[in-house]
Structures are given as structure tokens and as C-alpha cells.
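All remarks here apply to the structure that follows.
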Amino acid sequence: MPKYRSATTTHGRNMAGARALWRATGMTDADFGKPIIAVVNSFTQFVPGHVHLRDLGKLVAEQIEAAGGVAKEFNTIAVDDGIAMGHGGMLYSLPSRELIADSVEYMVNAHCADAMVCISNCDKITPGMLMASLRLNIPVIFVSGGPMEAGKTKLSDQIIKLDLVDAMIQGADPKVSDSQSDQVERSACPTCGSCSGMFTANSMNCLTEALGLSQPGNGSLLATHADRKQLFLNAGKRIVELTKRYYEQNDESALPRNIASKAAFENAMTLDIAMGGSTNTVLHLLAAAQEAEIDFTMSDIDKLSRKVPQLCKVAPSTQKYHMEDVHRAGGVIGILGELDRAGLLNRDVKNVLGLTLPQTLEQYDVMLTQDDSVKNMFRAGPAGIRTTQAFSQDCRWDSLDDDRANGCIRSLEHAYSKDGGLAVLYGNFAENGCIVKTAGVDDSILKFTGPAKVYESQDDAVDAILGGKVVAGDVVIIRYEGPKGGPGMQEMLYPTSFLKSMGLGKACALITDGRFSGGTSGLSIGHVSPEAASGGSIGLIEDGDLIAIDIPNRGIQLQVSDAELAARREAQEARGDKAWTPKNRERQVSFALRAYASLATSADKGAVRDKSKLGG
């Protein structure tokens, strides 16, 4: 029988000092012996996805205490990728994932907490907490802040839906008037919550459902809706049950590594491909799998991408649907239901509620359930009122979207495409693979060949795009922006958005060893591995070289002879300590970022730290 971790600090005469300090936090004699559960919050006023979380930790804590536990809350940092985008701030985004994971480990292990409720939401916070949870392997439940309502405004006498990406594109489009750009900016992000499309934050919150670590509805129920409160109340109660199951009944099925098994990771990736999730999810699932000591690699993702169809299409791949529409159609469970009926899921998995996949679908799939309260929950919709308050409205759709032929979520027979929304490409400058969000690529450019325009920083590429130096047919190469080379593997949302602003969204490709925002669409290929700074062949591409992209056949090729590439590599190596570094880039890199770069692996490994350099 495992001993409560917290007993280390609450029992024994030699722990009198620790108990004295616990008493100073409000604990009493009656609390010593109860499980201490960390409420891992991420409230900050910097991030709309987290601005409403201040009181939600207290909500969870009250339920923990009522159920017989002791709740202790702390906060992690949270970087807003949208605000950090397009300047030096983006260097810090991906490294913040490791800091979040480490800080959770530090707090939980330093204070010997027994379990956790993770209140996450945005891009690097959910992955960081997920990595920590699987590293620590103590009972955990995730409950996120929820998606933002889609923006809406009237243009040309028509009400249209908007999101953050629309504001970026229109802000750089010289054909858009100042007044229209201002109107879109003011309408794009109307409420608290994670940005309203299938961007990285919402993708990851959906994947925690598929991994079994959060409750049904977690990925899609709006931040503003009153129904979301129940997820927080349930999390506080349920975590005490899970904790007691493990520590008092020796039930290891309550642990995250047993819930988020390899079968669950395969299900999560299957969901990701089917819903056209952010390419960043590949990085984060690979990183989380390593923390769980699961053998889950790019090869596994490639195999899944070749057999899973696209069953859901959401912004930025279409402006017709946002997360509020996914929820109306049944949310994550609705997509999993269609995948299950197609025979594409591992059924022998359980979630934090203790339900198997078939049991979860029977109870929560809107196409199967007989429970009116579940159907009512999935009718929770937007209010269209600007607010930063959680649970501030209770509007409902008149009906569910259960149209699996033409609705937001499709059945296998009516799939958006037989190929899924993400694909892994391989070639002579991406030997370890690269990723493309096929859900956002127009059918006309699934095969594309063009001359390279090479840039060694995102900034130079942006200047070239806006300066008219990139023309239709070009393949924009942005290198030395990988985990080590950036450092920090910047997102390239501004370059891809500005290509659209300049009318080149369907006329150019962009390839990088950096990554993309979940808001990116178009022929945007990222995570090229190995990265340039690690000696990857992307560092050998020269202006004018022809690049051939073949998504249907999963290929990407630099059309230069092996002999020429060998000569270029020899010349690069001859630069000595300057080899595999940008030639004409001035960038101030802090000590903290240099420390990150010194241990960072390429994207095909999840951009995690290279443990071989640490020994032990």
C-alpha cells in the first residue's frame, strides 16, 4: 500500500517544524493525515485565456476540502503567444513549457503533495502541466479555462465570424481601410477564454479529453458559459476519490501513466488528425510521451496520419466553424464517437471518471446518449456579450448539430477528406520529418514546386514578404529558428498571415525549422528536423534551389544533387565554430535562452531537453 507522500511533512516528531509552518497556512490537527492536493492554477492578467481563472482555484479547493482533502493552490507562469508574436518575446514561448513543467515538479515535490488538479488553458500551459503530471505520476485531473466565444461583426451588410488571425491578416492588408481593420480588431476577441478556433490551446485541451485526463466537455465548453462551472466542481470532488483509490486501495489505475497509456496517446493523435488540430500538438504529445516513458514517435504519428480521415473542420481551416460550433455538434466525444464507429480507436482505455471508452460514448456521445442533461450541456452556446468573467451567461442553441453529413462534425462516410488534417513529410532536407496541417492547405497546392527564397530569421522573411520581394510560386525558407537555433522555435504566424495579406496565401509555400501557431493555415511546413543549428540539411538550401512538395505521397525534396549537397556541407563545416549558425543575423539572446538552447533537441523529439547531456 503506497504511503501518502504528504505524511513525510505531517507525521513524526522530527517534522514539528514543518507542521508548525503548515499550521501557519491554516491547517489544524484534523488536517494532518488527509491527502494534500495541489491546485495548480495559471491565473494571470496578461492572457485572455487565463484572466478569468483567479477565483476558479478557490472553487476547486472548496470541493476538495468538502470531500475530505486539504487543498493548496499555487500559480504557474503563462505566456500569451499572440501578444508575444512577431517580436523577440516569441523566443520565450516554447521554453516556458519546460519552466512550467519544472515549476510544477518543484512545488509538488518540495511540499510532498499527494495529487493535483491542473487548471490550464493556453498554448504552453496545458502541455507543461501535462508533462509534469506524467513525470510525477500522481493522481491528476485537468480542467481548463475553456474557449473564447467567436468574434462577430458586420461587413458588407453581412454578419461574419472572426478570430485573432483575421485581425492580423487585415491589419497588414494594404487593401483594407483603417476603419475596417479597426473594426475587425475590436471584434476579433470578445471574451475571456482560449482563442476561438482550433488553435494550439483548444487543440491541447481537446487532447487531454482523449488522453482521459479531463472530463467530457472540457475541450469545447465555452469559458463564459455557466455550465462550465460544473467541470470545476466535479474536478474538486473527483480528485479526492482518485487520490484515495491510489493511496488507500493501492489502485494504480488512478495514476496518469495508466490512464494516458500508449493506447490513449494513439487515440489522442487520431483525434488530432481527425479534427485538424494545431501542428504544435505533435511537439507536445511527443514531449509528454517521453515524460510518461512511452515509446511514441514521429513514426507512430506518420502511420496514423495515413489512415485517419478528417471529420471536423474548424477555424483557421474554415471560417464557418469555431469551438462553440464543435461543442454544439457534441465536442470531443462527438468526434471520438465517429472515429469509434469507423473502427479507428483503441477501446480498452479509461478516463478520470473511471469510464471505458464505450461507456463514455454511451453516456456522452450526442448520437447515442439518452441523457437529456448531457444533450442540454452540449447546447451551451455563446451570448455575444464582451466579458472577462467565467460562467457569466447561460445561452443555449435551439438544437444540437447532429448532422453528420453536412454539419461541423462528419461521419466517416461524409468525411471532409479521406486524408486527415495533419501529415508527416520526409525528404532529403527533412530526414527526421516535418509537419504540415493539411486541413488548412488548399487542394490546388497539395503538390507544389518552386524556387527557394532563403531567410535566416523570421524578421527578414516578414520584411521581404511585406516589401514585395516574395512572389507567386516562391518557396519561403526560414531557418535557424528551431529549438536550438532561435533559440526557442518561434511561431511563424506573422509570415503566413502576411502572405495572405499580400494575396499569396494559395500561391506560395513556407518551410521552416521553426513552428507555426495553431492559427496558421496554407502550405506551411514546419518542424523540419534536424534543424539547421544541429547540422540539418535545411541549412544547405540556397536561393533559387527548387523545392518539390508532395503531400499526398508524404514527400519533400530539395532538387539538388547529392554531390552538390556534400560540397555545401563541407563548406559549412569549414566555417569552424561559426558552422551551422546564421551568417547575417544580429539577435540578442539572454543567458536563460542560451541555457535552454544548450540542451534542446530538434522538433522530431518534441523539442525536449537532451537527457544524454545531463548524465545519470
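Along the chain as shown, residues are numbered 1 onward.
The backbone N, Cα and C atoms fix where each Cβ goes, glycine too.
Within the same chain, residues at least 6 positions away in sequence whose Cβ sits under 8 Å from that of Ser517 (active site, proton acceptor) are Asp81, Gly82, Met85, Val165, Phe199, Thr200, Ser278, Asn280, Glu491, Met492, Leu493. Summarising the annotation, Swiss-Prot assigns active site, proton acceptor to Ser517.
According to Swiss-Prot, the Mg(2+) binding site annotation covers Asp81, Asp123, Lys124, Glu491, on the basis of sequence analysis.
The [2Fe-2S] cluster binding site feature in Swiss-Prot is assigned to Cys122, Cys195. The 10 Å shell around the Cβ of Cys122 ([2Fe-2S] cluster binding site) contains 28 further Cβ atoms across the protein chains shown. DSSP assigns Cys122 ([2Fe-2S] cluster binding site) to coil in the three-state reduction, placing it in neither a helix nor a strand.
Under the heading N6-carboxylysine, Swiss-Prot lists Lys124. Lys124 (Mg(2+) binding site): 29 other CB atoms within 10 A of its CB, across all protein chains.
Listed in sequence order, the residues of the same chain lying 6 or more apart from Cys195 ([2Fe-2S] cluster binding site) and placing their CB within less than 8 Å of its CB are Pro48, Gly49, Gly82, Pro147, Met148, Asp163, Leu164, Cys189, Ala201, Asn202, Gly518, Gly519. The residues near the Mg(2+) site, meaning same-chain residues not in Asp81, Asp123, Lys124, Glu491 whose C-beta sits within 8 angstroms of the mean position of the site's C-beta atoms, are Val79, Ala84, Ser93, Leu94, Cys122, Thr200, Ala201, Asn280, Ser517, in sequence order.
Counting Cβ atoms from all protein chains shown, Asp81 (Mg(2+) binding site) has 29 others lying within 10 Å of its own Cβ. Sequence-distant contacts of Asp123 (Mg(2+) binding site), defined by Cβ-Cβ distance under 8 angstroms and a gap of at least six in the same chain, are Val79, Asp81, Ser93, Phe199, Thr200, Ala201, Met204, Asn280, Gly518.
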